[in-house]
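S.K.: Submitted below is the structure of interest, expressed as structure tokens.
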């Protein structure tokens with residue numbers, strides 16, 4: 001995931017100041033731009049020198065051939081005049097004045113210079129790339145500039161009644177319908193581990209089927225993705241920080257051969273966006289085939305580093321969940337990708353409207369965008385039991401930022417175009433099932449249970465098409481209040497004190513009797 005290097009090159013029409021400004025608006029280090037420009041300038045000089053050295057090497061070989069044809073003596077003289085050692089000014093005439101043995105020596109020296117130049121070029125290329133991959137995409141003009149998403153995310157629109165309050169939160173409701181095993185899940189899988197069971201398994205499958213049907217009717221091709229990716233491919237779709245904060249590493253045998261002792265490093269996917277982004281890696285996509293729209297279905301795995309203490313109960317924020325994703329490859333021309341961006345968020349909105357989930361759409365501030373996103377809109381549902389908006393959907397246009405690293409090009413072949421262009425890539429959540437279940441539970445709770453949303457009834461089994469009944473008490477109703485806890489602790493202390501006093505009196509009585 002990177003920007004076009006020509007954007008940093010003034011002689012190619014680029015504007016480093018614009019990228020520096022983008023970094024500042026993202027509240028990231030603008031000095032990376034200057035470091036990249038410096039490394040790139042030195043790299044280009046190094047490559048120019050290497051090209052000239054290779055030309056000189058070929059000239060040496062050609063001159064030797066001409067002299068051999070003339071049957072000039074080879075001799076053993078390998079001394080090289082000082083003026084010839086300055087390869088930048090070496091000419092064909094200067095070489096012609098040398099003996100064959102001297103030219104051979106010059107060619108060897110040129111070989112050494114080429115090797116040295118190549119080593120320097122590789123070093124500069126690595127330095128340039130280290131800076132390039134940490135510089136974010138150019139921002140869309142409509143992105144709010146701020147580093148505080150809690151205060152400055154811009155609400156674009158609201159749908160439904162986002163003021164209504166209800167009694168229970170999803171943390172209690174998943175227990176009340178007996179659809180969740182949290183403590184046992186944590187024993188088996190660790191923190192945030194869970195078993196989804198019974199009615200919530202049916203509700204999850206209903207959401208998956210309804211989401212896939214909805215996207216299928218809009219021209220999306222359903223696709224079930226791999227759950228893990230090779231390290232070198234994941235590096236092309238994920239930014240560096242994700243490897244530390246989000247992705248799980250999987251170590252396995254290098255091959256299926258029993259005598260193979262090598263090991264292979266893979267990463268579990270955090271979203272189906274990652275493998276779908278790599279689906280057309282190293283391909284040319286024809287204009288007439290675009291847009292290509294995929295409805296990705298996968299299990300997702302996230303470490304959630306940095307989320308310590310947040311949403312530790314229930315199924316809203318977990319390490320493993322199912323998700324249906326919109327993913328689109330679009331033309332880079334005529335504002336097509338931005339039209340698609342609006343279409344994708346609209347598709348998500350219509351899905352949640354059909355489920356009767358109130359929400360608002362927020363334009364995410366620049367400081368909270370990942371490197372790839374030029375703009376991101378979130379759909380945050382209203383949770384009436386929790387009294388809060390919670391994110392269900394993220395919709396991003398990454399323009400050509402991802403495609404450039406993956407080498408997914410637009411058009412026929414390089415020969416047909418003046419300059420290689422790259423497709424635009426967009427992604428949007430359709431339904432992260434556990435989060436959507438939480439939203440449904442809170443919005444559709446009644447005194448007796450959870451009313452099944454109209455659109456999901458046909459996907460639910462007999463007996464659960466109208467109402468998911470409560471079969472257990474709410475945990476919050478079983479927990480003693482702080483006052484009750486304090487009174488109970490006080491009573492325990494008083495009782496303990498009485499026991500000590502009684503024991504003391506009994507001992508005194510025994511002494512007196514004796």
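Backbone N, Cα and C define each Cβ position, glycine as well.
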S.K.: Per Swiss-Prot, which of 456-468, 482-494 is motif 'Nuclear localization signal'?
M.R.: 482-494
S.K.: Looking at Swiss-Prot, which one out of 153, 427, 443 binds L-serine in the same site as 271, 302, 325?
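M.R.: Record check against Swiss-Prot: L-serine site with 271, 302, 325, extra candidate from 153, 427, 443 is 427.
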S.K.: When you look at 271, 302, 325, 427, which the record names as binding L-serine, what is the longest CA to CA distance in angstrom?
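M.R.: In whole numbers, the farthest two Cα atoms are 18 Å apart.
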S.K.: Neighbours of the L-serine site 271, 302, 325, 427: Cβ within 8 Å of the Cβ centroid, same chain, sequence order.
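M.R.: Once 271, 302, 325, 427 are set aside, the remaining close residues are 269, 270, 272, 273, 274, 296, 300, 323, 429.
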S.K.: Just to be sure I understand the packing, how many Cβ atoms besides its own are within 10 Å of the Cβ of residue 302 (L-serine binding site)?
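M.R.: If we count other Cβ atoms within 10 Å of residue 302 (L-serine binding site), we arrive at 21.
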S.K.: List nothing but the one residue from 241, 271, 323, 325, 429 whose Cβ has the fewest other Cβ atoms within 10 Å; the candidates are the recorded positions.
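M.R.: Lowest Cβ count within 10 Å among the recorded positions (241, 271, 323, 325, 429) is 241.
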S.K.: In DSSP terms, helix, strand or coil for residue 241 (phosphoserine)?
M.R.: helix
